[in-house]
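Record features, source Swiss-Prot:
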- HIS61, GLY62, GLY63: Cu(2+) 1 binding site (BINDING)
- 52-95: compositional bias 'Gly residues' (COMPBIAS)
- ASN181: N-linked glycosylation site (CARBOHYD)
- ASN197: N-linked glycosylation site (CARBOHYD)
- 23-230: region 'Interaction with GRB2, ERI3 and SYN1' (REGION)
- 26-108: region 'Disordered' (REGION)
- 51-91: region '5 X 8 AA tandem repeats of P-H-G-G-G-W-G-Q' (REGION)
- 51-59: repeat '1' (REPEAT)
Amino acid sequence: MANLGCWMLVLFVATWSDLGLCKKRPKPGGWNTGGSRYPGQGSPGGNRYPPQGGGGWGQPHGGGWGQPHGGGWGQPHGGGWGQPHGGGWGQGGGTHSQWNKPSKPKTNMKHMAGAAAAGAVVGGLGGYMLGSAMSRPIIHFGSDYEDRYYRENMHRYPNQVYYRPMDQYSSQNNFVHDCVNITIKQHTVTTTTKGENFTETDVKMMERVVEQMCITQYERESQAYYQRGSSMVLFSSPPVILLISFLIFLIVG
């Protein structure tokens with residue numbers, strides 16, 4: 001880890017040093033230099049933007065003031081104010097006009113709330129969070145009747161589980177046990193309120209289904225917890241702290 005931080009430090013120092021040298025180089029095209037910054041101006045260094053069809057002042061086909069085919073004020077074919085063929089203010093011919101454009105659609109707050117629901121703390125449940133939706137697992141219960149009953153009624157069972165952060169439990173079994181109990185309780189109360197009741201067979205199958213989903217949720221939380229711990233170790237190492245301090249010094253300076 002220390003070697004990785006040192007190599008990253010060397011790489012960023014070399015990169016920022018090269019950028020610093022580039023910033024100090026003089027830019028061409030300024031005042032009293034060879035390159036011209038404006039079209040139509042003769043200079044020893046050449047013209048970076050050659051005139052299109054005689055673009056100087058007062059030319060018969062240029063874009064100057066009051067010319068027959070130019071884009072100045074009040075010309076019939078120019079791009080000035082209120083002209084019938086121009087791309088000026090409020091005209092139909094201007095493909096890049098910023099006026100009269102439809103406003104951008106606003107973000108639907110319901111969609112934002114739905115996207116933030118997974119993993120969010122559920123109010124009124126004492127710190128429980130609602131996991132993301134899962135596919136209901138394929139489970140065999142040991143008899144053709146129960147297997148068929150499960151396939152026909154699996155849509156009535158939960159596809160999300162309630163859980164607390166894994167660091168509040170001493171083992172996976174405790175996490176899964178609590179997850180199963182709170183999930184079945186909440187789902188049963190919600191469904192019963194809608195007028196639907198569960199039989200003993202339903203409860204038995206829900207316990208198996210929710211148990212598998214809670215195990216999956218525990219594995220996801222374990223992986224995320226490990227990744228967060230690895231990130232904290234990486235950013236707390238002395239080489240990385242030195243690198244971040246050096247980058248802040250370069251940006252501020």
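Every residue gets a Cβ built from N, Cα and C, even glycine.
Around the Cβ of ASN181 (N-linked glycosylation site), the number of neighbouring Cβ atoms within 10 Å comes to 14. All chains included, 8 other C-beta atoms sit within 10 angstroms of the C-beta of ASN197 (N-linked glycosylation site). Under DSSP, ASN181 (N-linked glycosylation site) is assigned to a helix (H, G or I) in the three-state scheme. According to DSSP, ASN197 (N-linked glycosylation site) sits in a coil region rather than a helix or strand.
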